[in-house]
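**Q** Below is one structure. I have some questions about it.
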Amino acid sequence: MIIKLIFLICFKIVLSINYWVRYNDTVTLNSNINSETEGIFWNFYNNTFNTIATCGKKNNVCECSNYDKSLYNITNNCSLTIFPNNTKIFNTTYQLVYSRNRINYTINLLLPVTSPIITYNCTQSLITCEKTNGTNIHLFLNLNDTINEYTNKSFLNYYWNSSELNNIFLATCIINNTLNSANTTKVINCTNPLLKSYQNYFLENIHTLFYMIIFIVSGITISIFISIITFLSLRKRKKHVEEIESPPPESNEEEQCQHDDTTSIHEPSPREPLLPKPYSRYQYNTPIYYMRPSTQPLNPFPLPKPCPPPKPCPPPKPCPPPKPCPPPKPCPPPKPCPPPKPCPPPESYSPPKPLPSIPLLPNIPPLSTQNISLIHVDRII
């Protein structure tokens, strides 16, 4: 502090000092004036600088006048003490002026810190550590228990090197001030950042996907119904046109049918089965539509184009010369005849055996002596 004051005295520079204090704390603004000096002024800024006290130092004693002793006190080295009953001291600038030198003191409210917030972005390899509460803070970022970054600001950004760190590592954000300290630890998992980004996008837009599915299903259902209705209407129209264009039955058949229906009634015999009459669409009063001749003149059909003259036949190709006949093959020599087989000797003739004699019955007379009458047969039943 003495070195700073000597520097200010030599170069006539205004020094600014920040004080961080809590509620109901006594604040002492050190002047560190050791030499005898006259014309020491303590001022405070309220839109303009107003004088608190006018002092002078002699024989190591600082004597001041014209100041409110219920709010302030001035020590022997001309330091200003502010009592805690003054609630307007925060965010206020006090000024010490002596020997054409100036020192500005700014008093700020010191608040305790709470746990910070850690966020990360895998695609950018970025970790952000941000404070939640607290003043006059110090932020530290530890990766795998190693301090990698430090700042006095309210947030800290750090880009890690993916070649030095794995896809999964531990990040700790530490925040502290003169009152207390807090930290937050988080596991950084960037094994598949593309898949994770797709998952986040899907979770954020799941309601839009639901509405798209409903719209697609409704469109397909309506298209199917329209196709079915169109198919049925075309089929009915085609059937109606076929009935109109079909030729009427011949007159002889109609007369024959009328004759059969009116004049001759065939009564089936008891043994004849009753057969159903063949169905005819003309036995009912079905309206028959005929095409009315058009009143507009018909467009004449164009005459057919004349056939082109036939192309002349090409001249016949000359026949090739006949091939010479091959020389006849010589006949093979005849095979020698086998010697004749000798005839077998004739069989010896045996005389026939005599017939056995059958004796006649003694009571039968000979044929010549029997009376035989011829009976004429007219009918055989």
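Every residue gets a Cβ built from N, Cα and C, even glycine.
Predicted, not measured: the structure shown is a model, and the values here were computed from it.
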**Q** Among C78, C122, C257, find the residue that Swiss-Prot gives as the disulfide bond partner of C190.
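**A** Answer per Swiss-Prot: C122.
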**Q** In Swiss-Prot, which of these is labelled N-linked glycosylation site: N85, N161, N371?
**A** N85
**Q** Which residue, chosen from N91, N152, is annotated N-linked glycosylation site in Swiss-Prot?
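**A** Annotation hit in Swiss-Prot: N91.
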**Q** Would you mind sorting out which of N85, N121, N144 (the glycosylation sites) have a C-alpha within 10 A of the one on C190 (disulfide bond)?
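**A** If one measures from the Cα of C190 (disulfide bond), the glycosylation sites that come within 10 Å are N121.
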**Q** Out of the recorded positions N104, C129, N133, C173, N189, give me the one sitting nearest to N183 (N-linked glycosylation site) by CA distance.
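**A** Nearest listed residue in space: C173.
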**Q** Note down the number of other Cβ atoms within 10 Å of the Cβ of N133 (N-linked glycosylation site), including every protein chain shown.
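**A** I count 13 other Cβ atoms within 10 Å of it.
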**Q** Does DSSP put C190 (disulfide bond) in a helix, in a strand, or in coil?
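**A** SS state of C190 (disulfide bond) = coil.
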**Q** Return the count of C-beta atoms lying within 10 angstroms of the C-beta of C122 (disulfide bond), excluding that atom itself.
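**A** Excluding its own Cβ, the number within 10 Å is 17.
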